[in-house]
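Engineer: I grabbed these lines from Swiss-Prot:
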- 1-25: signal peptide (SIGNAL)
- Tyr31: site 'Greasy slide, important in sugar transport' (SITE)
- Tyr66: site 'Greasy slide, important in sugar transport' (SITE)
- Trp99: site 'Greasy slide, important in sugar transport' (SITE)
- Tyr143: site 'Important in sugar transport' (SITE)
- Phe252: site 'Greasy slide, important in sugar transport' (SITE)
- Trp383: site 'Greasy slide, important in sugar transport' (SITE)
- Trp445: site 'Greasy slide, important in sugar transport' (SITE)
Amino acid sequence: MMITLRKLPLAVAVAAGVMSAQAMAVDFHGYARSGIGWTGSGGEQQCFQTTGAQSKYRLGNECETYAELKLGQEVWKEGDKSFYFDTNVAYSVAQQNDWEATDPAFREANVQGKNLIEWLPGSTIWAGKRFYQRHDVHMIDFYYWDISGPGAGLENIDVGFGKLSLAATRSSEAGGSSSFASNNIYDYTNETANDVFDVRLAQMEINPGGTLELGVDYGRANLRDNYRLVDGASKDGWLFTAEHTQSVLKGFNKFVVQYATDSMTSQGKGLSQGSGVAFDNEKFAYNINNNGHMLRILDHGAISMGDNWDMMYVGMYQDINWDNDNGTKWWTVGIRPMYKWTPIMSTVMEIGYDNVESQRTGDKNNQYKITLAQQWQAGDSIWSRPAIRVFATYAKWDEKWGYDYNGDSKVNPNYGKAVPADFNGGSFGRGDSDEWTFGAQMEIWW
């Protein structure tokens, strides 16, 4: 008994050391932004986004606290074979109080197995919820190729002239299909699962410093037995993507062309939508009808222009043409130059313009937005974070159309459709006005 008791402190110390080593091996990554702002005409900070545009210029124009907290660990390794477990919990609140409760979103929980297939060295097998090979424009927070969700796949297969990746993911729509509930009345409360099958060929070196990535995504509604799609629903669709990435001026330029059909046009990023119905006030259902096509031409990048200047930029044209004439044409162009006073202090300006034309009315909405920010950041790159900035933003807009959400779909045939700003004596869109805001914000990724 004496020997056992003497060994106990040593056993505890060894166990603590092992647990400490394991704890230190956990990878902690994430993203967060938060701050405080005011509006020139009074009240809390307002943010500005053009009606019909799918994003906004974000510098000095974010009104929420948002965070993603990622924990992951390599849980097994033998030679070059390994298993990695990855998780991500995200949340967003209105940024108006000390205590703001919200339900977190469990966005990632997956396992990735590397080099598990002997005849496919360098490849990765994965399954679970995952941010899957996302492509975005940072300065407008716009994801143009993103099939994230629960799924499985095999990626980075070396085919000699590039890397091949195969994946299947899922998203769902509330009320997407129906069955008879009682008295021959359709019940729209069931969710419809939308599956996406993704094939990508990346890292093809086609010119000095330049690579090409090609992708095809097919999305379709996957109905339960004895269910039917609502009338006019879009059952499936395709998205084709070509992206050229060029190393230039210590940075990069990406040129992207995308074409989508039917259910892949609404979000335009690779997730299928359109098989479902939406609910206004949780009472009346209206169809999401997006049969048609989408064309997107996009150029964006980040470059260094000497020791003291960096710049982000974006230019995009997007045409969503729907059979029901409720599509849009969206042009956007913007720049974010940065002047570095010291390795940790800079002045940043962002200038952005959006123009959105309604297919149904032919009218246009436009907005100019400019932000000037003084910033302190952890490094001398435009990508350096964390950053603390104080900013002032001015926006001016003129909107000639908006979406009609008055009443409900049972009595309003225009519900959810684009209408002129003064339709039927009403007021749709944001009109013709301007505003300025100011505040402070932190942003970090790690």
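Keep in mind that glycine also has a Cβ here, set from the backbone N, Cα and C atoms.
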Engineer: Minimum Cβ neighbour count within 10 Å among the recorded sites Tyr66, Trp99, Phe252, Trp383: which residue?
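Structural biologist: Fewest other Cβ atoms within 10 Å, among the recorded sites Tyr66, Trp99, Phe252, Trp383, is found for Trp99.
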Engineer: For the recorded sites Tyr31, Tyr143, Trp445, which Cβ has the most other Cβ atoms within 10 Å, all shown protein chains included?
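Structural biologist: Most Cβ neighbours within 10 Å: Tyr143.
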Engineer: Looking at the recorded sites Tyr31, Tyr66, Trp99, whose Cα is closest in space to that of Trp383 (site 'Greasy slide, important in sugar transport')?
Structural biologist: Tyr31
Engineer: Looking at the recorded sites Tyr31, Tyr66, Trp99, Tyr143, Phe252, whose Cα is closest in space to that of Trp445 (site 'Greasy slide, important in sugar transport')?
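Structural biologist: Closest recorded candidate to Trp445 (site 'Greasy slide, important in sugar transport') by Cα: Tyr31.
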Engineer: On the three-state reduction of DSSP, what should I expect for Tyr66 (site 'Greasy slide, important in sugar transport')?
Structural biologist: strand
Engineer: Tell me the Cα distance separating Tyr31 (site 'Greasy slide, important in sugar transport') from Tyr143 (site 'Important in sugar transport'), rounded to the nearest angstrom.
Structural biologist: 16
Engineer: Between Tyr66 (site 'Greasy slide, important in sugar transport') and Tyr31 (site 'Greasy slide, important in sugar transport'), what is the CA-CA distance rounded to a whole number of Å?
Structural biologist: 8
Engineer: What does DSSP say about Trp383 (site 'Greasy slide, important in sugar transport'): helix, strand or coil?
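Structural biologist: It is coil.
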Engineer: According to DSSP, which kind of secondary structure is Trp99 (site 'Greasy slide, important in sugar transport') found in, if we only use helix, strand and coil?
Structural biologist: coil
Engineer: Measuring Cα to Cα, tell me the gap between Trp99 (site 'Greasy slide, important in sugar transport') and Phe252 (site 'Greasy slide, important in sugar transport') in whole angstrom.
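Structural biologist: The Cα atom of Trp99 (site 'Greasy slide, important in sugar transport') is 41 Å away from the Cα atom of Phe252 (site 'Greasy slide, important in sugar transport').
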